[in-house]
Structures are given as C-alpha cells and as structure tokens.
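After the structure tokens below, expect a handful of questions from me.
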Amino acid sequence: MMRSSVFHMFILSMVAVDVIVAASNYYKGENFKRQYDEFYLAEVAFTVLFDLEALLKIWCLGFTGYISSSLHKFELLLVIGTTLHIYPDLYHSQFTYFQVLRVVRLIKISPALEDFVYKIFGPGKKLGSLVVFTASLLIVMSAISLQMFCFVEELDRFTTFPRAFMSMFQILTQEGWVDVMDQTLNAVGHMWAPVVAIYFILYHLFATLILLSLFVAVILDNLELDEDLKKLKQLKQSEANADTKEKLPLRLRIFEKFPNRPQMVKISKLPSDFTVPKIRESFMKQFIDRQQQDTSCLLRRLPSASSSSCDHSKRSAIEENRYIDQKLRKSVFSIRARNLLEKETAINKILRACTRQRMLSGSFEGQPAKERSILSVQHHIRQERRSLRHGSNSQRISRGKSLETLTQDHSNTVRYRNAQREDSEIKMIQEKKEQAEMKRKVQEEELRENHPYFDKPLFIVGREHRFRNFCRVVVRARFNADLLGLVTYLDWVMIIVTICSCISMMFESPFRRVMHAPTLQIAEYVFVIFMSIELNLKIMADGLFFTPTAVIRDFGGVMDIFIYLVSLIFLCWMPQNVPAKSGAQLLMVLRCLRPLRIFKLVPQMRKVVRELFSGFKEIFLVSILLLTLMLVFASFGVQLFAGKLAKCNDPHIISREDCHGIFRINVSVSKNLNLKLRPGEKKPGFWVPRVWANPRNFNFDNVGNAMLALFEVLSLKGWVEVRDVIIHRVGPIHGIYIHVFVFLGCMIGLTLFVGVVIANFNENKGTALLTVDQRRWEDLKSRLKIAQPLHLPPRPDNDGFRAKMYDITQHPFFKRTIAVLVLAQSVLLSVKWDAADPVTVPLATMSVVFTFIFVLEVTMKIIAMSPSGFWQSRRNRYDLLVTSLGVIWVILHFALLNAYTYMMGACVIVFRFFSICGKHVTLKMLLLTVVVSMYKSFFIIVGMFLLLLCYAFAGVVLFGTVKYGENINRHANFSSAGKAITVLFRIVTGEDWNKIMHDCMVQPPFCTPDNSTYWKTDCGNYAGALMYFCSFYVIIAYIMLNLLVAIIVENFSLFYSTEEDQLLSYNDLRHFQIIWNMVDDKREGVIPTFRVKFLLRLLRGRLEVDLDKDKLLFKHMCYEMERLHNGGDVTFHDVLSMLSYRSVDIRKSLQLEELLAREQLEYTIEEEVAKQTIRMWLKKCLKRIRAKQQQSCSIIHSLRESQQQELSRFLNPPSIETTQPSEDMNAINQDNNAQPETSSQQQLLSPTLSDRGGYRQDTGDAGKPQRKFGQWRLPSAPKPISHSVSSVNLRFGGRSTMKSVACKMNPMSDAASCGSEVKKWWTRQLTVESDESGEDLLDI
C-alpha cells in the first residue's frame, strides 16, 4: 500500500490542502483568540495525519531502511517539528517554519519540477561550498569592520557584531550601501575618509561583481549538459523536427474529415473511336511534370557531351515536345541517361578504392619527418576515415602486410567503428527528414487534389486565379538589397505607418484625448485603412486560416487580427466619456498594444521572441520555485507578524488605547537641513488625527499582502525598511527572518532566474546543446566574420627615405610612444578648463604641443604609406579626422581664446583618447566585444523599447491623473507619454519602483474619485498598478536585461578564449592577413582564382600546405575556390572560410545539417579532382605516344624520299598525280606544333600504322581524308601506281612489300594499339566527347 500511486497521490493532495489552509490564515483583530481557532484545529488534524504516515513507513520499511533515504529524513524532521509546533505554548513561534516547509513536498507532484530541482541543487557540492564561502566572508568582514569602527562616536552601525553583520550584508545586497558609507565617512572625519571609502568600495565591488557572478556561474555549470548527452539531444531534436515536419497542422488536417471530391477533367480532340472517361487533373499535371523532369535529367546526366551535340539534343528535345510520340522517345533517352549514371557511379567507386589503397599501402612512407600543419593533419584524418569506412576493401587491401601493420589497421577499424555507427544514425535522420518532407508534400497534394476548397482563400478565390496571383505578387515583392530586403514592400509600408501612428499616440494625454482631437484622429483613420488593405491583400494571397500559408497560422497572426479589431472597434465607437475601471478604458489600454505590430512585421524581431518564449518550461519552473519560496515565508510571516507591525502615527504614543485625538506634526524642508530657530519660535507644522495603522507600503496581515511585500524585497528594493520595522516593532531576533529570505531569494533565487533565462535563450538559439568543439567552431566563424584585411600597404622596395619612414612608423616602440602621448594628453582633462582660471592657459599650450606631435605622426605615415595607402585603413582615417580637428582647434584657440575654444579642445582630447583602443590587442578585443554585443543585441534593445512604449501608453491611460505622492511628482509622472517613458526607464534600473507603484495605488479617502470620466479623478488603480508594475519589472528587469547579459557572456568567450581553446589562433589569422596583403596588391579585398595557388604556397606555420606530402589537398583547395564562383574572383572571407573548414575535424566541430552539406561538398570535390587528374594523366600519355609516333613518321618520310629516288632512277615512271590536303588537315597540322610541316604536294603516301592490310582502294571515299585512331589516312594512289609498285617489288626480288617494310620501320605499332584501347575505355566509361578533350585525344 505504501508504494502504491494512490497512497502517494493521497498524501500529496493532503499536503496541498494543508498549504491552502495555511495560506488562508489572516489577521482577525487584536481581541480575537488565536490559540484555538479553526486554523489551529486544522493544523492539529494535518499533523496527526502526517505523523501516522511517518509511523506507517517506519513500520513497513524499518527504522534503518526509513532513514536511509534523504527524503524520509526530511519528512521525519518535519514530523518532529510540526508535532512540537501544535503545542499551545509553541504555536505561532519559530516552530512555524516546520509547518510551512511542508509545501516543499509538493515538488514530488511534477516529475519535471523534481528533475529540475535535482539538476540545480542535487550536486550541491559547488553551490553549498559557495554559500559557505559567502557566509564566511560576511562573518570575517563584519568582524574586521567591528574592530575598525566600534570606537567611532556617533556611529551606531558597528557597535555590536549583529549590527556590523547587518551593515555588511546590506552592502552585499547593494540596497542603501551608500548610506552606510556616508554615515561612516561623516563619523570618522576627513583624515580617514579616503581610506574608509576605498575599503567600502573594494568590498562592494568584490561582493557584487565577483561573488554574485559566481552564483550565476555555478548555476549555469549545473545546467550544463555532458558532451555525449548534447550529441544525443541534437539527434533527438533533429528527429523531433522531422516528426513535426511530417504532420500537417490541425487547421489543415480538418479537411481529412470530409469526403473526397477530386477534380476531374475530360480529354477531348483525340483520334479515337471510343469514349474516354474523365481523368484526374492532378494526374495529367503529374504526367506532364514527369516528362519535363526526364528531359532535364537527361541534359544534366551528359556533362561531357560536345557542345554541338548538346545543343542539338536540346533543340531536338524542344521540338519533340510538340509531338504525340514524345513519351516513347523520352523512354529511350531515359534509359541511356540511367546507364551513364551507373557508369559514373562505378568509376567513382573505383576512384575511391584507389585512394584508399594508396593511403593504406603506405605511399606516404619514406618522406622526411616534419611537423605537419593542421590542414595536413585534418586532411589525412578525413582520408583515413573514408578509407576505413568500407571494411571489405580494407581487408582486401591489407593482405600481404606485416603483423604490425595488420594490428594498426585493426585498431584504426575499431577506432572508427563508433564513427560508422554515428554515420548510420546521421543518414537515418537525414532520410527521415526527407521522408517527412515528402510525406507532408504528399499529404498536401492529396488534400489539394481531393478537396476543391483546400488552399482557397475564404473558400471563394481559386488557387490559380488571376486576382490571387496579383495579390501574391504585391504581398511578396521585396528589394534585392540586404538591409531593405529584410521585409517586403508591403511590410515596409506598414512599418512606416505603424511608427507614424505610435508617434501620433505620443501626443495623447488625459488633457488632449484622441476622442476630442481631430488631428490625432487622422492618424487613427490612416492606420486602420492601411491595415485593412494589408490584411485583405494577405488574406486573398495566402488565406485566412484553412490554407498552408494562412495569415492566422501562429501567435503573430492572432496578434495582428486582435490589434486590428481593437483599433477598428475603437475607431467606430470613439467614446466621449470613459469612466475609470470601465470597458472603454480597458479598450483604450488594449489599443496601446499597437507598437507590438513591429514584432510581427520584422523577421528578426520574431526570431528574438521565438528564441525567448519557445522553450519557456525552465523559466516557468523557476517561477514556481520562487513562488513556493515566497509562499513559505509569507505564511510564516502571517503567523508571526500579523497585526504586530501596526503603530500609532504619533511617536509619543505606545499603546493602541491611547492612540486617539489629534497631535501637531512638524514640517521640514529636508532631513539634513537644520534650520536655526529664534528663541520661542516653533517649527512650521499642522495638526493631524492620531491613527493606529500599518506601515504605508507593506504589512503581513494576510498572505496576499505578505507575498507582495516579499516580492518587493525579492527585487532588493525596500527590504532595509522592512527589516528595520520588524526589528523595531517585533524584536531584534526576528531580523533573521528577512535576512534569510533575502539571502535565499536574491543570492540563490534571482541568480537561478538569471542563469535559467540565459541557458534557456542559448538552448532555443541552439548554442546550449553545442559540444566544446562545436562551440569553438561557432566562435571561430564569428571571429572570421569580423576579420578584415589589414589594408596595410607593403614596404617600399628600395631603401630610400620612404622605406625608413615605413620602418619607423611600424616599429612597436613608435606605436607605444604614441599611445603614451595620447594618455598623457588625456591626463590634462583631470583639471577643469576654465577661461577665468590662469592654470588653463598652460594646459591648453601643452595640448597644442601634443597636437603638433600627432600632426607629425600622421605626416610620417602618409609619407611612408603614400596618401592612397594611408587612406585604406579606417584607423588612419579616424586619426586623420581627429588630427584635422586638432589643427582647427589650434587655429581657433589662438584666434579667439574663449570658453568655447577650451570646450572644443577638451572634445578633441576625448576623441583622441578613443583612438588608443585600436593600438593594443586587449583593448581592441574589449572594443570588439562591446561592438559585437551591441550589434547582436540591437533587436533585443529595439524589442525592449517597443515593450516600454506599450507600457508608457498604457500608463498614461491608467495613471495619467494620479495625485502626487512620495515618488510621483512633477518630474516623475504619467501625464504624457514622454514623461512615462522617463519613469519606466527609471524603473528599468530598479530605482524605487515599488514606491512608484504604491503611489499609483492611492484610493479614497486619500484622493478624489469621479465616476464619470477617468481624467477628472486623481485616484489610482490598485489592481491595475499591481499587474502593471509587477509584469513590467519581471519582463524587463528579469528577462530582457538578462538576455543582454547572455549575449555579452557569449561574445566575451568569443574574444577572450585562450590559445588552447581556439581552433585558429590570433597569430594564424594575423599571418593569413599578412599573406593576403601581399597577394592583394590592389587592396580591393578580392583576388583572381589563379592567385589562390600562389597564396596557399606562401602560407607557413599551422596553415602551411606541403606540396610534397599534400599535393592532393592542394588540388582540393584550389578546386573548391574555382567552383565557388565558377572561376570568378574570390574574397578574403571565401579563402579564410575554406581554410577554416579544412583546419578542423568536421565530424566533431560541425552540426548535423552543416556536416552533411560539407561532406557532400568534399566528396564532390574529391571526385572531380580525381577525374581531372586522370584526364591530365591520359593527355600526357597520349602526348608521349603522339611524339613517338611523329618521330617514326619522320623516319618513314625519309624512306619514302629514298624510294622515290630509286623509282625515278630505275623505272623513270610518269609523274604521279598529287592530292591536295584538306583544310581540316591543314588546320590540324597548324595546331599540332610537334608535327612537322607537310609539303603542299606529296607524290606518294605510305600506309597507315594502324591498318594492317594493304592499300584500301576505296573509290567511294576518294578525295576525303579518312580519320582513324592513330593517324590521318589519305586515299591511296590510282591503280596504275599500284602496278608500278608491284613491278618494282618483283624486280627487287626477295624484298618484302611496302606494307611490311612500313611495319618493320614503325616500332610504335603496339603503342598505338595500346593508346587505342585506353582511348576506347576512357570514352566508354567517362563519355569524354567534348571539343576540348575528345577532339584533342582523337587527333593524333
């Protein structure tokens, strides 16, 4: 029974009821008997019940087994404490803590909350150690302060150790620490005041900047996940995204509930004698799309076809689309394309196998030992990983190796077995994503096919209607620029209209209302009209709700419709009288949400909101924990302090019975201003009635007021006042209550909130789940984005005057000297520059001297770098601007010599001081951190301002006429939007926000109500002020400001990581910038592609590419740059990005989607480089064959000439008709430089080397040059010549024929046949038929 879920839920429900009963307790008056009321009896019943539960568990588990659990120990402690608490003499005592701590058991209700609490407080070693350190620090500093200031007269803050402890704790919380320091400084005197001030300031800085940050760091460390768990969550998140993409939204799945009604079409105009049934329109479209896909697939699968044949195939494909028999012809071409694809796949497998064989066969052995660069190391890691990816090939390759080599291969295989498993998981997730997208598309197509009203705006406009297409064009048209292209034209118009409407609302006030101001109504009409047009266009283009891209498909669409309806209703109604706390006033408050439209119109603003609120689970859990903590202390405070904090407003009256009548209260101008009165004169004052009341801003009479007071204390505002009142009216021992709550709530609770907001933002952004290597990679990419070329001109070649100036200006000593001079000039501002003070003239003169020195510096740099080279650097431009301003100031100073020139000189010095930030690495990094943080947090800051603007408009409506109070005065009020923004900015800093809230809660009889209109009353709104100020403080101070902290922390780790944590160090980037500066001689930031090879060869150190060892890597990098912009120019960041990808282990550093894309790119580069390598190898082989063949042809030509001489001498035959070589033959002879020039007329031509038969007497080919692999062959001579040759051969008797002689004299016959086989294999496998390669290979 004890382990059953029913028993567990029953006990937890009883705990919840006990908490509710305890929270319902309240103060019933002074004369009410509190010992035996209904709350006491309920507490006794619950205590007995939980005692029986503990006894039952002890009886079932045994005492030893019961106390073995930490949870049971906590329950036993509560049982003992609450049992003592119900004793009448101990009721409403310190034992009340045990009663209210029962609420902690409710954490077991939610497993998510239990896991979260264990994640934060489970590994309590770090957090517990930090708490002990903080307590020890407070004790030590309190003891030191006690010994230092206990002897000081008129100082009661350090008279005892408890008072010293409270003072030092107050400094730790930053609340009123200046008052503690000021009182101590006034007491110790002027001599020791500086030392005391330094003491308190150092303690305050350490406590607030370091100690509190340690709490945040520890909580963030507890929320950090393990490396393996991060990878697992990344995979699970990818799977979840795939599952989400597979399902259609519910608003679209609703069409599945209706019966299918597919659209049918009737085919007509067919030459047939039989009737054709109706066919689905989608089926016909799909058939047409397939034909077009086959055509494009065929054209893509023939990349190496000749240009003429490619153009011919394209033209034929276009012509064949007009005929009916297109499908039959396409089927033939599709089969051919598939065959070519299979052949290319087989060749790619062969190439990869060859690469693996080369790697595993130790082809890199025997090279001199040298430290490899990171590019080489990562390249070999990838090659080894790819070679071990196929186990069968590895086993086949490893045959015949030694035992050591086999053992090494086995270890490598085992090492990458997990990587293979990870590859399979990644591929599975990728396939799952593709299948999910495909299924979603199929579902949409089925709904579009079977339901005629699907994807029809308002079920009226057709899917492809002209009006809808026109609306789509209007809605989706946008700029091509980067900044202006963020949103569409229509959204830009609405952003401008919304901003103008918000500006118009800023002129509204309780005294100038839109209902009675026609000029303000114009902006209202314009906004409603433009928004009506916008929504109509978007609804006609994308639909309202039941379409895939509907307007109302997320919360942003709902907010748009809500803002539009509120504006439309208000414009149509335009109430003339708006009573306070009425529906009309609520409508005016809702109208103030109009600036939130910017969140929907700007995509980056939507991204910020999505990253902030998409995973709100952890923030909600922290809020529950803080509310639980507040409920525990609020219940305890009600039972201890209810009715005890009230006091008579006359300080001379102690008891409540004597608090009646009136008394005179004195009025003083200031607390610190003591006016000297004349003898017999009294201070000004007036008579007031005596009232027995609680403090104005807080009380503990019920749980609601107690939680409000504790919420204010949780913000560290007003807790000192609460502490002093409790100590003064209840007792010093009860001061522990507020100190414990402040420590738990602020030191742990608020830091926990800060840590969770930062972790939640990072998780939604995707950075929280990154491993260490992935985080380093993201930091590297961010650093590379802001890296720029040096823009530093090279040193002059000669050793002349410019070269010497260049060496001087670039020397580190010169730069440090200039930095020291800048600091020295800045020190001059430590004294006030007053025209009437004689000290100002020497200071200005010294500043003039410094200015001339800086003019000399700029002049030297211009001479050294030349004016154009000097102007290329932004830092030099800034220095030139400041120096020019300094020269202008010098001229004006000696000409006028007045206060304005001194002011201008001070401004020039300040501008000069900012130039020092770029002269030191650390200062430069700090400046980059600030700049990048401002850039990344720009949209968060804009979002904060929009929220602040909404609250300012609402504050004018709710509290615009509230009477002045303690903090609401003529400077801080809500009478207009401008003043409301000022007050809200003050609240953002946390300065007395609770006092402003209480001033806005003023109720009768302390104000004058008016039920007709809200602008005629000076009363506040209690519920409205409570929700207004608490929600604003939580959203702005606790959430939005912490997002800025998260961005700053992220950028701090970006620039201040150590060299060991960086994938590419600062020196590596600096070395690349120097090499780029050498190659980019025009300083344009781009270089031609062919210069990349030169740049890569110049790199040294960790980015060096050794051409002896890593020639293949060099080819891969060069080809990657060539294909990036199709051979065009590459930028600085293109080359740097390529080097960064090549310098990291992509398996560890890249995330899933980026990893898949990068691996696919590298596989493609590897295959293309391999193909190019083989092509080049074949060309070289064929060129060697061609050279040898031409050499043999020259020998044959000499034999021909000798034969001709013999024939002419012995036979004296008639002249032989010559054949003119064709134009193609001449062109080929001109292109081939190695082939000797042929005479215009040839008397006799020997047989071809590849033709093993005799002369071919083909009369049909007479006059045409015939081409065969190996050589051009011309037609043979006429028949009479053959008879003459045969007679000559007979006359020589015993001599072989001309063919045999030619074959014997040609030793390259076998080489030509080998080249023919290579040519046939290459043509068959890779389909090399282009003019660039194929013709060149054939014309030998």
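Residue numbering: from 1, along the chain as shown.
Cβ atoms here come from the backbone N, Cα and C positions, even for glycine.
As the structure is a computational prediction, the values presented were derived from the model and not from experiment.
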Pick from 517-535, 878-896, 916-934: which stretch is listed in TrEMBL under transmembrane segment?
878-896
For the coiled coil (419-448), would you mind checking the mean pLDDT of the predicted model?
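In the predicted model, the coiled coil (419-448) has a mean pLDDT of 74.
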Which stretch from 196-220, 619-642, 839-858, 878-896 shares the most C-beta pairs under 8 Å with the transmembrane segment (813-833)?
839-858
For the transmembrane segment (127-149), name the stretch out of 6-27, 736-759, 938-960 with the most CB-CB pairs under 8 Å.
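Ranking 6-27, 736-759, 938-960 by Cβ pairs under 8 Å to the transmembrane segment (127-149) puts 736-759 first.
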Return yes if the transmembrane segment (878-896) and the transmembrane segment (839-858) have at least 3 CB pairs under 8 Å (sequence gap of 6 or more), otherwise no.
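Between the transmembrane segment (878-896) and the transmembrane segment (839-858), contact is present.
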Do the transmembrane segment (736-759) and the transmembrane segment (839-858) share at least 3 Cβ pairs under 8 Å, sequence separation 6 or more?
no
If you count Cβ pairs under 8 Å, which stretch among 558-576, 619-642, 938-960, 1025-1049 touches the transmembrane segment (6-27) the most?
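It is 619-642 that shares the most Cβ pairs under 8 Å with the transmembrane segment (6-27).
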Any residues 6+ beyond the ends of the transmembrane segment (558-576) with a Cβ under 8 Å from its own?
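Sequence-remote neighbours of the transmembrane segment (558-576) are 515-516, 521, 524-525, 527-528, 531-532, 535, 551-552, 584, 587-588, 590-591, 593-594, 596-597, 599-600.
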